[in-house]
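Undergrad: Pulled from TrEMBL, these are the listed features:
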type	residues	note
ACT_SITE	Lys107	active site, proton donor
BINDING	Lys71, Lys95, Ser363	substrate binding site
BINDING	Thr195, Asn234	NAD(+) binding site
SITE	Asp149	site 'Important for catalysis'
Amino acid sequence: MQPSVEPSMLDVFNDNFDRAAQYLDAPEDLLESIRICHHMYSIQFPVRIKNKVRIFHAFRAEHSHHRLPTKGGIRYAPNVHLDEVAALAALMTLKCAIVDVPFGGAKGGIALDPRDYEADELERITRRYATELVRKNFIGPGVDVPAPDLGTGEREMAWIADTYNMLTPNSVDALACVTGKPITQGGIRGRREATGRGVQYVLQEFFRHPDLVKRAGLSGDLAGKRVVVQGLGNVGSHFARLIQDDGAVIVGIGERDGTITAPRGLCLGAVLAHRHETGSIRDYPGATTLERPADCLELDCDILVPAALENQITAHNASRIRAPLIVEAANSPTTSEADAILRQAGKIIIPDIFANAGGVTVSYFEWVKNLSHMRFGRMAKRVGIQTHQRMITGIEDLTGSVFPQTLRDDIVHGIDE
Ligand SMILES: NC(=O)C1=CN([C@@H]2O[C@H](COP(=O)(O)OP(=O)(O)OC[C@H]3O[C@@H](n4cnc5c(N)ncnc54)[C@H](OP(=O)(O)O)[C@@H]3O)[C@@H](O)[C@H]2O)C=CC1
Ligand SMILES: O=C(O)CCC(=O)C(=O)O
């Protein structure tokens, strides 16, 4: 029987937690203290928008303080509420543990649709939210460190860092109060694409395990695999670009305004240019446009990557999912009932708390960089350049050949952030 109401994200987290707990030999009281969200902050504040005072509802949840600071994004979406950020904060605790970064989990949000506001209005709302977080000690380099999530990005993180800085004038570590900042404001190279790149790495790793590939009913490597992506935002667009470089073929894309599909493949760059020009992915030349964003989930493909919203694969559509491999780039895109249906059908699901952990991993390096007040590699850079230079000269002397200039520059320069 199909449920009439979709479960909340917190229901889904609790179901999954209970399922995982069965594999542990841990007392129930301990499990309960791991499950619950420890600190929750719910705020309502007024901001003047177009000469009218509007009340905004905003939240921050710190799931676990077993490691500090707590860490997790801030989302701007119309229906954000306290239970939702509590569930997302719990996922952050598990995610940080899986990739072993020293944080407890947190998440926050403001209930608004960013498309309804001008940039200066969003700035005032964001700065007021950040001020409220400072007032209640829900932000700080050693307390709770937000980052981008759905509907937010580098710009919002820069506003938050600046607000924090203004309110704590003697704090030398102020920049470490938030990650995902622009490079010029203390950000780190690679954070922008980190979550999508992490999803790419997860898939590359999956295809290094022939037993898993076989269990999914697939063969070979990523090249030629047919991929469908839902959501062309920060996570989805970088993932799609990177996976195309691995030879995968994007056969479908779902966005807010519908789905496009082309069995022979879509060129991501051209789709983004089309969206930029027309404001929509619909009617992309050479592709079929389907009405609903969720139509993309049911397309025939090898790998399905939901990278937009929660609760997309539900008890209602799970039986129509054709992809044998599902990679959860979004947080909580699959309800627990859907998860059971998919597993029953023999599908492999790579869960969000592993698949999208690339973002918080790179955030960790940004935080460390801000606390150390030094760019990665700065101290050893010159020594590295001299060592590589000597190595190249030695090889050229021994072989009598000369390195091509571009290769020489590449080797001499070495890695950066
Ligand atoms: N940013 C990060 O580093 C991380 C994000 N995540 C998770 O990844 C997911 C996506 O986040 P992110 O990419 O940052 O968010 P963005 O806001 O950058 O992108 C979301 C994208 O989804 C689109 N979208 C909105 N509604 C729908 C819909 N109904 N169907 C299909 N697409 C839709 C949006 O379109 P439009 O622009 O029109 O709104 C937008 O292109 C979220 O679940 C987030 O929690 C997880 C780890 C880290
Ligand atoms: O980069 C971070 O700190 C957190 C990213 C995030 O919100 C997430 O992984 O869901």
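Using N, Cα and C of the backbone, Cβ positions are placed for all residues, glycine too.
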Undergrad: What other residues of this chain sit with their CB within 8 A of the center of the CB atoms of Lys71, Lys95, Ser363, the recorded substrate site?
TA: Gly72, Met92, Cys96, Val101, Phe103, Gly105, Ala147, Ala357, Gly359, Val360, Thr361, Tyr364
Undergrad: Could you work out which of the binding-site residues (Thr195, Asn234, Ser363) has its C-beta surrounded by the smallest number of other C-beta atoms within 10 A?
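TA: Among the binding-site residues Thr195, Asn234, Ser363, the sparsest Cβ neighbourhood within 10 Å belongs to Asn234.
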Undergrad: As a check: which entries in Lys95, Asp149, Thr195, Asn234, Ser363, the recorded positions, place their Cβ less than 6 Å from an atom of ligand 1?
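TA: With ligand 1 as the reference and 6 Å as the Cβ limit, the list reads Asp149, Thr195, Asn234.
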Undergrad: Out of Lys71, Lys95, Lys107, Asp149, Ser363, the recorded positions in the record, which is closest to Asn234 (NAD(+) binding site) when you go by Cα distance?
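TA: That would be Asp149, the closest of Lys71, Lys95, Lys107, Asp149, Ser363 to Asn234 (NAD(+) binding site).
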Undergrad: For a quick check of understanding: given the listed substrate-binding residues Lys71, Lys95, Ser363, what is the maximum Cα-Cα distance in angstrom, as an integer?
TA: 13
Undergrad: Return the member of Lys95, Asp149, Thr195, Ser363 nearest to Lys107 (active site, proton donor) in space, with distance defined Cα to Cα and candidates limited to these recorded positions.
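TA: Going through Lys95, Asp149, Thr195, Ser363 one by one, the closest to Lys107 (active site, proton donor) is Asp149.
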Undergrad: Which recorded positions from the set Lys71, Asp149, Thr195, Asn234, Ser363 come near ligand 2, judged by a Cβ under 6 Å from any of its atoms?
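TA: Once distances to ligand 2 are taken from each Cβ, Lys71, Asp149, Ser363 fall under 6 Å.
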Undergrad: Reduce the DSSP letter at Asn234 (NAD(+) binding site) to three states and note it down.
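TA: Going by the DSSP assignment, Asn234 (NAD(+) binding site) falls within a helical segment, counted as helix.
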